[in-house]
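Have a look at the structure below, then the notes.
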Amino acid sequence: MRKAWASGFAALCVGQALAHQTSLTFSVLIPVLTTEWQLSASRAGLILGVFQLGTLVAYVGVGFLLDRIRSKPIMCVSAVLVGCGDLLFAFGARDFLSGFALRLVVGIVFGGLYLPALKQIADTIPMDRRGTATGVYIAIIVLAYAVPLYYVGLLAPRIGWRLTMAGVGALELLGAVVMAAGVPSVPRPTMLKRLGPSRYVGDVLGNRPARRVILAYTGHNWELFGMWGWLTPFMVAMLVARGSAHNSALAMGGMLAAGAIGLGGAVGAVAGGRLSDRLGRPETAMLMLGVSLLCSAVFGWLFRSPPALLIAVALLYGTVSLADSPSYSATLMEVVPAHSLGGAFSLQMLTGWGATVLAPPAVGLVLDLTKAAQLSPAAQWGWGFAILAVGPLMGLMALGPLRARSADLGPVAQPRGQADLGSR
């Protein structure tokens with residue numbers, strides 16, 4: 001039985017990892033394009049944010065489609081389009097406006113990857129393994145976000161950022177091939193028999209635990225994507241301030257950010273998923289949110305701290321800021337009926353990814369304002385990261401009442417129809 005879903009899950013993870021290479025590539029290119037395109041921090045933040053906006057727009061539509069059609073075709077077509085979009089960016093982006101427009105396009109087609117994968121997990125993974133499976137999947141995706149921070153930072157100064165981005169696009173096309181060949185399709189007749197009328201108003205909007213989880217996810221994403229988008233520029237600026245040459249700072253800064261985001265995030269996602277299966281979804285999420293709030297509040301102020309301390313806090317930050325993520329998706333799978341799950345994911349992404357559109361520009365704006373006020377670099381980055389603490393604070397407030405319902409929501413809740421969640 002395990003082999004029946006394990007091989008397809010492995011292909012899903014590998015294909016999605018390859019298709020997600022573009023996610024943070026612009027972040028590591030900011031130090032290069034700041035000079036070439038004469039970008040301010042605010043404009044760089046806008047390009048980071050418009051990618052998230054494109055993804056958000058796609059998520060809303062894709063989520064509802066998933067209640068009606070299979071996941072696999074959406075994932076495969078999206079991976080092809082993402083690869084082609086990065087090739088267009090590599091050879092067509094010339095300045096702020098063209099870069100802005102092309103990253104918007106890539107963001108839109110990128111939105112067909114993540115939600116179909118979650119629906120595939122819900123359709124094919126046994127319930128008692130979903131928290132762990134979701135955590136493993138998120139860990140793989142985080143590595144896919146993080147690894148390009150290293151190799152793009154390493155290759156861009158040597159072979160040029162355009163050729164580097166063309167290589168990113170080629171990897172994404174390979175991801176489409178892997179998913180087309182190895183991910184099983186949920187048989188259409190079986191899917192249609194399981195689907196009922198999508199009662200979104202009652203199943204999602206009237207579902208109090210679902211609403212609270214979606215609100216917490218929104219705060220989680222505000223912090224996570226603000227941190228992910230600006231961690232590489234922070235590391236590069238920190239190394240330059242300590243005397244490193246620009247090219248070596250770009251490579252080393254990308255490596256440090258990749259370690260914090262990739263290694264820390266992967267460990268956090270797997271550990272968070274397993275812990276949510278054992279301890280409970282709200283309890284796990286609240287524990288991680290509390291620690292990540294502290295990290296956001298102090299991280300930027302460590303700009304001139306000893307390197308060992310800075311790297312240790314960055315690794316902790318990367319770990320805990322993602323460790324709550326599996327709890328949100330796994331909880332929605334359990335408290336929302338299957339025939340409305342795609343719609344629930346759409347609402348989750350509408351608000352959650354709305355926060356990702358706003359967070360990177362907000363950090364960029366704070367950096368510009370504090371620089372104009374002639375604050376020290378430590379104060380500039382300190383306030384820049386500190387505004388991200390609003391996210392976990394909101395998550396803690398949203399999830400607090402759910403702890404009293406932990407018997408209903410975890411460690412592994414029963415599917416709707418088998419247990420009365422008393423959740424409305």
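Each Cβ is built from the backbone N, Cα and C atoms, and glycine gets one as well.
Keep in mind the model is a prediction, meaning the values are calculated, not measured.
According to TrEMBL, the protein carries these features:
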| type | residues | note |
| --- | --- | --- |
| SIGNAL | 1-19 | signal peptide |
| DOMAIN | 1-407 | domain 'Major facilitator superfamily (MFS) profile' |
| TRANSMEM | 43-66 | transmembrane segment |
| TRANSMEM | 97-115 | transmembrane segment |
| TRANSMEM | 136-153 | transmembrane segment |
| TRANSMEM | 159-183 | transmembrane segment |
| TRANSMEM | 224-243 | transmembrane segment |
| TRANSMEM | 249-272 | transmembrane segment |
| TRANSMEM | 284-303 | transmembrane segment |
| TRANSMEM | 309-329 | transmembrane segment |
| TRANSMEM | 341-361 | transmembrane segment |
| TRANSMEM | 381-399 | transmembrane segment |
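Summarised as a single figure, the pLDDT of the domain 'Major facilitator superfamily (MFS) profile' (1-407) averages 87. Counting Cβ pairs closer than 8 Å to the transmembrane segment (309-329), the top stretch among 43-66, 97-115, 159-183, 284-303, 381-399 is 284-303.
Sequence-distant contacts of the transmembrane segment (381-399), counting only residues of its own chain at least 6 positions beyond either end whose CB sits under 8 Å from a CB of the stretch, comprise 212-213, 215-224, 226-227, 230, 234, 237, 282, 285-286, 289-290, 292-293, 296-297, 299-301, 303, 324, 355, 359, 362-363, 366-367, 370, 375. Among the listed stretches 97-115, 159-183, 224-243, 249-272, 341-361, the one sharing the most Cβ pairs under 8 Å with the transmembrane segment (284-303) is 224-243. Within the chain, the transmembrane segment (249-272) has long-range Cβ neighbours (under 8 A, six or more residues past its boundaries) at 24, 27-28, 31-32, 132, 135-136, 138-140, 142-143, 145-150, 152-154, 156-157, 228, 231-240, 284, 288, 311, 314-327. Counting only same-chain residues 6+ beyond the ends of the transmembrane segment (159-183), those with a CB under 8 A from a CB of the stretch are 7-8, 10-12, 14-22, 25, 29, 32-33, 72, 75-77, 79-80, 82-87, 89-91, 120, 148, 151-152.
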